[in-house]
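Annotated substrate binding site per TrEMBL: Lys29, Arg43, Tyr55, Tyr141, in sequence order. Look at TrEMBL and you will find Asp65, Asp70, Asp102 tagged as Mg(2+) 1 binding site. As annotated by TrEMBL, Mg(2+) 2 binding site applies to Asp70.
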Amino acid sequence: MIYDKIGPGKNAPKEVHVVIEIPMGSSVKYEIDKETGLVFVDRILFTSMHYPFNYGFIPGTLEEDGDPVDVLVLGYESLYPGVIIKARPIGVLETEDEKGRDAKIVAVPVEKIDPRFENIKDINDLPENFRDRIAHFFEHYKELEKGKWVKVIGWKSREDALNRIRDAIERYKRSM
């Protein structure tokens, strides 16, 4: 994978590199080809929803499903597909869809990039309505696609996020 050269970050799992695939505000689901780094349109959301966060993955990680770790990066600005942002994991959103269990790391930009998140250390530091908005998006964004669905299982802590990333880094190293 082209992005593996930068890896998950020298301070991972506490600070990670996130390769953005989908910008906040987009209703287009982009995917980056992991070999070439080219950005492809996967699909346009069938619902009238848009991503309320930037969405991407941590390079140099491997989940049990064979994909890199998914990350949603909270913020106030939309980031271009293919850019890399340093982020701090603050929790995990556990979901299940038509393909099985699917966890998403929730992260915020490091303080140097956006100091407005410096007091957010754990998922429970986010206002409840912010967490509700994220969960609502995942519960409904696939609704109009035949055979597709998402169920939100719940939230897990920062420590759970760090452990998940640590495990995925080790799994990636073993696969090489």
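Glycine is treated like the rest: Cβ placed from N, Cα and C.
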Round to a whole number and give the Cα-to-Cα distance in Å for the pair Lys29 (substrate binding site) and Asp70 (Mg(2+) 1 binding site).
14
Inter-residue C-alpha distance, Asp65 (Mg(2+) 1 binding site) and Arg43 (substrate binding site) (nearest angstrom):
21
Spatial neighbours, same chain, of Asp70 (Mg(2+) 1 binding site) - Cβ under 8 Å, 6+ residues apart:
Tyr55, Gly56, Phe57, Glu63, Asp102, Ala103, Lys104, Ile105
Taking every protein chain shown into account, which of the binding-site residues Asp65, Asp102 has the largest tally of Cβ atoms within 10 Å of its Cβ?
Asp102
Among all the protein chains here, how many other CB atoms are within 10 A of the CB of Arg43 (substrate binding site)?
11
